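**Q** I grabbed these lines from TrEMBL:
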- 21-146: disulfide bond (DISULFID)
- 60-66: disulfide bond (DISULFID)
- 21-166: domain 'Peptidoglycan recognition protein family' (DOMAIN)
- 36-172: domain 'N-acetylmuramoyl-L-alanine amidase' (DOMAIN)
- 1-16: signal peptide (SIGNAL)
């Protein structure tokens with residue numbers, strides 16, 4: 001079996017695993033599987049670090065609007081940043097849906113120096129002055145719980161805000177305050 005065939009099987013397997021956690025697969029919101037073909041793009045699981053971010057733009061409340069926002073972010077990452085695909089592991093819409101990015105087992109491009117050893121979860125919107133919807137917050141908690149139960153995340157994983165590991169305002173002041181009350185939040189990485 002060729003290396004390309006093995007990689008395609010691996011990508012399909014990763015997508016199936018993501019779907020076990022109620023994740024909207026990339027094939028649904030963009031119409032194709034991930035373009036990542038680098039064999040080094042796979043990551044060993046379980047992962048012990050979750051990084052919470054916000055996209056600033058792309059706030060949405062309906063399936064149609066959220067899928068459009070995620071497609072826009074993907075196009076920006078590919079066409080403007082030169083990534084092979086969308087950078088985040090998962091994206092969370094205001095509709096409470098979780099959208100597949102790199103997923104659990106593929107290395108994304110969400111946080112320089114941390115991509116190989118973390119899952120990056122980005123809320124769609126700007127959360128400097130407001131919180132995400134209760135549906136979006138619950139969706140992330142459910143995703144993380146599912147990740148632990150399927151051994152994608154370590155039982156003792158640590159959770160941090162993006163601003164704790166790189167110079168940025170992400171995930172926004174209000175969302176950062178919120179996640180500091182969550183189990184597994186860590187002050188230091």
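Keep in mind that glycine also has a Cβ here, set from the backbone N, Cα and C atoms.
On a predicted model such as this, the values are computed, not experimentally measured, just so you know.
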**Q** Look at the disulfide-bonded residues 21, 60, 66, 146 and tell me which residue has the greatest number of other C-beta atoms within 10 angstroms of its C-beta.
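**A** Selected residue: 66.
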**Q** Would you report the average pLDDT that the model assigns to the domain 'N-acetylmuramoyl-L-alanine amidase' (36-172)?
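**A** Average per-residue pLDDT within the domain 'N-acetylmuramoyl-L-alanine amidase' (36-172): 95.
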**Q** In the three-state scheme derived from DSSP, which category covers residue 66 (disulfide bond)?
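**A** Going by the DSSP assignment, residue 66 (disulfide bond) falls within a helical segment, counted as helix.
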**Q** Could you measure between residue 66 (disulfide bond) and residue 21 (disulfide bond) for me? Cα positions, answer in whole angstrom.
**A** 18
**Q** Going by DSSP, how much of the domain 'Peptidoglycan recognition protein family' (21-166) is helix, how much is strand and how much is coil, in residues?
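**A** Summed over the domain 'Peptidoglycan recognition protein family' (21-166), the classes give 46 helix, 32 strand, 68 coil.
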**Q** At the level of the C-alpha atoms, what whole-angstrom distance separates residue 21 (disulfide bond) and residue 60 (disulfide bond)?
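**A** Answer for this pair: 21 Å between alpha carbons.
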